[in-house]
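One structure is given here, and the rest of the page talks about it.
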Amino acid sequence: MGEDVKTASSGRGGGDVQAGVPPESWMKRVFGFEKGDLSSWERLVRLLNRPTDPAALGVFRFLFGLLMAVDITQERGLSHLDYRYLDGAPVCRFPLFNFLEPLPLDWMYMVYVVMFLGAVGIMIGCFHRVSCLMFISTYWYIFFLDKTAWNNHSYLYGLIGFQLTLMDANRYWSVDGLWNAKKKNAHVPLWNYTIIRTQIFIVYFIAGIKKLDSDWVGGYSMSYLAHHWLFDPFKLILPVETVSLLVVHGGGLILDLSAGYLLFFDATRPVAMVFVSYFHCMNSQLFSIGMFSYTMLATSPIFCYPDWPRRFFGGFPAALRAVLPPTEPAPQSSASCVYAETPPSVAAGTPPSAAATATPPSTAADGQRPPSASRPLKPGRRHKLGTLFTLLYLSEQLFLPYSHFITQGYNNWTNGLYGYSWDMMVHSRTHQHVKITYRDGKTGDTGYLNPGVFTQSRRWKDHGDMLKQYATCLSRNLVHYNISEPQIFFDIWVSINERFQQRIFDPRVDIVTADWSPFRPNPWLMPLLVDLSPWRTKFQEIEGSLDNQTEVVFIADFPGLHLENYVSKDLGNTSVQVLQGQVSVEIVEEKTNYTLLPGDQMKLPAGAYHKVYTVSDQPSCYMYIYVNTTEVALQKNFTKLFELQERIRNGTETEPVPPELQPLVSVAEGKDPGVNVTDPVLRLFLRRQQRMQDVKKHREASLVQRLQRFSLKKYYMLRRGFLMTAIAMRNLMVGLPPLEQLSQEVAYANLKEPEVAPDEPLKEEAGHLEL
């Protein structure tokens with residue numbers, strides 16, 4: 001807020017000026033307003049409605065609209081909309097309100113068209129408020145339609161769209177300004193900047209407050225990030241564990257806590273710009289978060305002086321200024337602002353040097369003073385409403401991240417509906433075991449469902465409200481499979497922030513009939529065993545003592561419950577060892593039980609079921625230790641094949657190559673082995689080698705090649721979205737074509753770019769198996 005007031009007083013943002021005023025106070029220089037400006041309601045109204053240069057707000061409006069137009073085809077899902085909303089498919093959905101349902105597919109494309117046109121309208125400033133309403137009405141409908149797609153930045157987009165609806169963001173570099181001379185280059189009230197700046201400050205600062213959580217400070221939330229290639233320069237001088245603790249977690253905490261403050265003040269803003277930009281550029285490579293990084297980059301200049309676009313673009317050649325934001329003339333008066341009754345230079349304490357060179361903004365473009373109606377001297381209703389909205393909105397934004405005492409039904413191991421709390425990246429989860437059991441309510445027959453059946457999402461596993469919706473949907477669908485009055489039970493094992501794998505929901509409760517309310521604690525939520533958190537240090541010691549072929553899984557369970565598990569035949573030397581508590585292990589086929597105390601270890605038979613009962617009064621802790629013998633054997637074969645391949649390449653192989661391994665000779669000679677690969681191990685080896693080469697080529701690509709690859713990927717994504725939208729609009733206007741024609745059109749839209757290897761660590765085809 002302060003920079004706007006200072007700008008207005010220095011002649012950059014506009015206000016009548018004169019020389020010979022007393023020097024500014026310390027508070028005025030630092031914050032941009034005097035303490036007295038907050039002493040009464042009327043003075044606060046005047047402060048928040050002071051005339052301010054519209055340039056920075058107009059540029060931000062353009063960038064936000066542009067990024068949202070791109071986002072609609074990507075993260076909002078226009079390019080794959082038909083996969084999400086197949087008409088008539090028995091798909092379980094997770095809306096915020098159960099009565100919300102998607103429209104027929106072609107009409108969903110229409111919703112996206114309206115949203116896209118709204119984003120473009122925001123970008124160019126055409127019918128600004130109508131465009132904002134088009135965007136936010138369809139955006140929030142899509143947002144509320146699917147909780148599984150919620151995240152903090154999607155919520156932020158909707159908030160900014162709502163803010164722009166009430167702002168005068170079309171007063172600069174807009175089509176509306178070309179049509180309406182009163183709107184062109186007109187002042188905007190200071191609260192327009194105050195709201196957007198404070199919103200971004202809240203995003204940073206509350207995210208930093210949430211990172212004061214012990215898991216983040218201890219380095220457990222995002223420890224895997226330290227292995228990413230972006231942190232390789234740090235790993236040249238620091239071990240990975242230190243990079244994770246100091247750079248990933250420590251650096252993220254400090255930046256979030258300080259970014260909003262550093263961006264606000266003139267002296268620290270240049271440094272903040274560098275670190276914030278570097279931070280968001282890294283995030284764009286670390287996470288698949290669509291336009292969020294670029295949107296946050298677009299918000300940084302909003303903290304600068306509001307006239308920065310005039311000074312920045314004023315340095316460009318005159319030939320380019322026709323398509324760039326205008327630099328002249330100075331802003332004209334606006335009825336949205338409140339002007340000082342005394343000369344602004346005196347009221348605001350304008351420095352004499354600025355007063356001597358400033359252009360009176362009260363002079364219109366034609367040199368004539370505008371009518372007094374466009375230059376209010378006293379606050380009116382609209383000014384008071386703008387001030388009241390600012391105070392209420394910012395109070396609500398400060399309250400919501402800590403409102404979880406109201407929405408208690410959404411409080412699982414993390415609080416509230418994920419997506420409005422700014423707890424970004426504070427929690428990481430891994431799932432070891434998910435079992436869905438159904439029971440016929442009449443016959444008592446039981447069976448098992450494939451986790452994720454009838455849904456495209458995986459986020460239901462961590463949220464009680466979604467689990468309730470999923471169970472209700474499953475019960476409706478199972479009726480069509482001759483299962484009467486279905487009962488659904490979930491046994492879901494989750495590890496959060498590298499803790500023990502433990503149950504998140506009570507597996508004995510029929511979720512179909514279970515009680516759930518957004519305003520009461522979830523009765524079938526199992527508590528997070530935070531008392532066992534110190535074991536994480538011991539986990540690292542245990543894992544460090546194992547060889548590369550041995551895997552370990554840490555389990556914690558509640559008294560009176562048991563884990564039923566199956567040891568695959570691929571897993572040799574599998575054993576269970578008790579760390580705390582007392583368990584009874586039952587080998588199902590042998591019908592024998594073994595009691596284990598802390599420190600006891602027992603080998604488990606492969607290819608057989610077993611059950612682990614917790615018989616102690618306190619939760620039990622134990623670990624599975626196993627070796628994937630199939631993978632170990634495969635790696636040995638790969639090593640032999642690689643050595644043979646190298647001998648063939650350098651001509652040192654003296655023995656004749658067996659016929660089934662002849663494709664290695666073809667590869668060594670640079671030929672395609674084609675369909676001659678009959679040995680399955682050799683086929684897997686060659687595929688792995690090709691994948692490694694593709695990944696290496698992908699990572700070593702030049703900047704031009706990376707840009708070309710990026711452009712192709714985006715082109716085909718946009719192409720599909722556009723073509724499928726055109727098909728839907730045609731269907732709405734003239735009806736469906738013959739099925740053969742429709743199939744051909746969709747096939748043409750599905751044309752994809754050539755396959756490229758992902759820029760990620762190589763994953764073995766024989767990956768680690770779940771216990």
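Using the three backbone atoms N, Cα and C, a Cβ is placed for every residue, glycine included.
No curator has checked TrEMBL annotations; they are predicted automatically.
The compositional bias 'Low complexity' feature in TrEMBL is assigned to 348-365.
In the predicted model, the domain 'HTTM-like' (49-308) has a mean pLDDT of 94. What TrEMBL records for 49-308 is domain 'HTTM-like'.
Annotation source TrEMBL lists region 'Disordered' at 1-21 (among others).
Feature annotation from TrEMBL assigns region 'Disordered' to 348-381 (among others).
Positions annotated as transmembrane segment by TrEMBL: 107-127 (among others).
Taken from TrEMBL, the feature transmembrane segment applies to 190-209 (among others). Sequence-distant contacts of the transmembrane segment (190-209), counting only residues of its own chain at least 6 positions beyond either end whose CB sits under 8 Å from a CB of the stretch, comprise 1, 3-5, 47-52, 56-57, 60, 152, 156, 159-160, 163, 167-169, 253-261, 263-264, 296, 299, 302-303, 306, 386-387, 389-390, 393-394, 397-398, 401, 421-424.
With a threshold of 8 Å between CB atoms, the same-chain residues lying at least 6 positions outside the transmembrane segment (243-264) that come near it are 2-3, 197, 200-202, 204-205, 207-209, 211-212, 216-219, 221-223, 225-226, 231, 234-235, 271-273, 275-276, 279, 300, 303, 425. Residues or ranges marked as transmembrane segment by TrEMBL: 243-264 (among others).
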